[in-house]
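**Student:** Annotation comment: Swiss-Prot describes N8, W9, K10, G173, S205, G226, G227 as substrate binding site. Among the features that Swiss-Prot reports, active site, electrophile is placed at H98. Residues or ranges marked as active site, proton acceptor by Swiss-Prot: E167.
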Amino acid sequence: MKKIIIGNWKMNKTVSETRDFIQKFDIFYQENVGKIKEDLDFAIAPSFISLSLISKSLTKKLEIAAQNLSQFDSGAFTGEISGKMLQDLGTKYVIIGHSERREIFKEKDEELKNKILQAQKYDLIPVFCVGESLLEFEAGLTKKVIISQINAIKSVLNFQKAIIAYEPIWAIGTGKTATAAIAEKVCGMIKENFGKDTTVIYGGSVNSKNINELVSQKSIDGALVGGASLDPEEFGKILVNS
């Protein structure tokens with residue numbers, strides 16, 4: 001199965017900083033393109049105001065990902081961004097259900113289901129995030145939590161045109177990374193329960209030093225990269241090492 005790397009910038013980088021990133025990334029990519037696997041897919045999810053800048057990259061393989069979308073199609077929903085708007089920009093992927101949105105913005109299963117439906121309506125590939133807390137991990141509840149999170153939306157998700165991103169909450173932005181063995185076990189469990197052809201990627205303190213061991217695992221199809229994707233050279237090195 002092809003590998004995919006998606007950089008999630010969260011609420012970082014202004015428009016001018018995004019332009020600077022793209023210029024530097026393009027240079028790195030051109031200098032190192034021969035070291036990057038031809039079948040590797042990769043994308044960046046910047047803030048909404050910088051989405052259109054990704055398409056300006058000279059690296060034509062670089063796809064656009066969005067960090068969120070509205071559960072509504074259109075109308076009087078101040079501040080929302082619709083799936084149709086994202087599609088019109090040429091967006092390929094959209095992150096749904098990230099733990100930060102579940103925890104901080106109190107997004108619930110019904111809203112996540114509606115977002116998945118909107119994404120699929122406009123031919124966007126949902127990157128559906130699942131993950132357990134440190135307490136749940138230490139209590140041995142990882143499998144129960146992950147299966148429950150996916151079961152909550154499986155009635156609307158087209159698994160053949162979606163990505164499941166396993167991001168243990170205890171490893172997001174903490175510098176702690178689930179060992180490759182732990183990540184492989186959970187990603188393998190997801191495939192066993194929801195289809196061996198399901199694309200499953202890992203996220204949680206991924207960087208250029210640990211990416212190779214992670215994507216070398218049988219059940220890990222790529223990575224959702226946070227902080228390490230903010231540096232153009234580091235993101236490029238992640239692609240080289242994938």
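Note: Cβ is positioned from N, Cα and C throughout, glycine not excepted.
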**Student:** By the DSSP assignment reduced to helix, strand and coil, which category contains G173 (substrate binding site)?
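**Tutor:** In three-state terms, G173 (substrate binding site) counts as coil.
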**Student:** Which one is it, among the recorded positions K10, H98, G173, G226, G227, that lies nearest to the residue listed as 'active site, proton acceptor' by Cα separation?
**Tutor:** H98
**Student:** In this structure, which of the recorded positions K10, H98 has the fewest other Cβ atoms within 10 Å of its Cβ?
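**Tutor:** Fewest other Cβ atoms within 10 Å, among the recorded positions K10, H98, is found for K10.
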**Student:** Around the substrate site formed by N8, W9, K10, G173, S205, G226, G227, list the extra residues of the same chain whose Cβ is within 8 Å of the site's Cβ centroid.
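**Tutor:** Other same-chain residues near the substrate site: I172, V225, A228, S229, L230.
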**Student:** Using DSSP and three states only, what is N8 (substrate binding site)?
**Tutor:** strand
**Student:** Going along the chain, which residues six or more apart from G227 (substrate binding site) have their CB under 8 A from its CB?
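**Tutor:** Residues satisfying the criterion: G173, S205.
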**Student:** Could you say which of the binding-site residues G173, G226 has its Cβ with the most other Cβ atoms inside 10 Å?
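**Tutor:** Its Cβ has the most other Cβ atoms within 10 Å: G226.
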**Student:** When the number of other CB atoms within 10 A of each residue's CB is tallied over all shown chains, which of the binding-site residues N8, S205 has the maximum?
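**Tutor:** Sorting the candidates by Cβ neighbours within 10 Å, the top entry is N8.
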**Student:** Measuring Cα to Cα, tell me the gap between G226 (substrate binding site) and H98 (active site, electrophile) in whole angstrom.
**Tutor:** 12
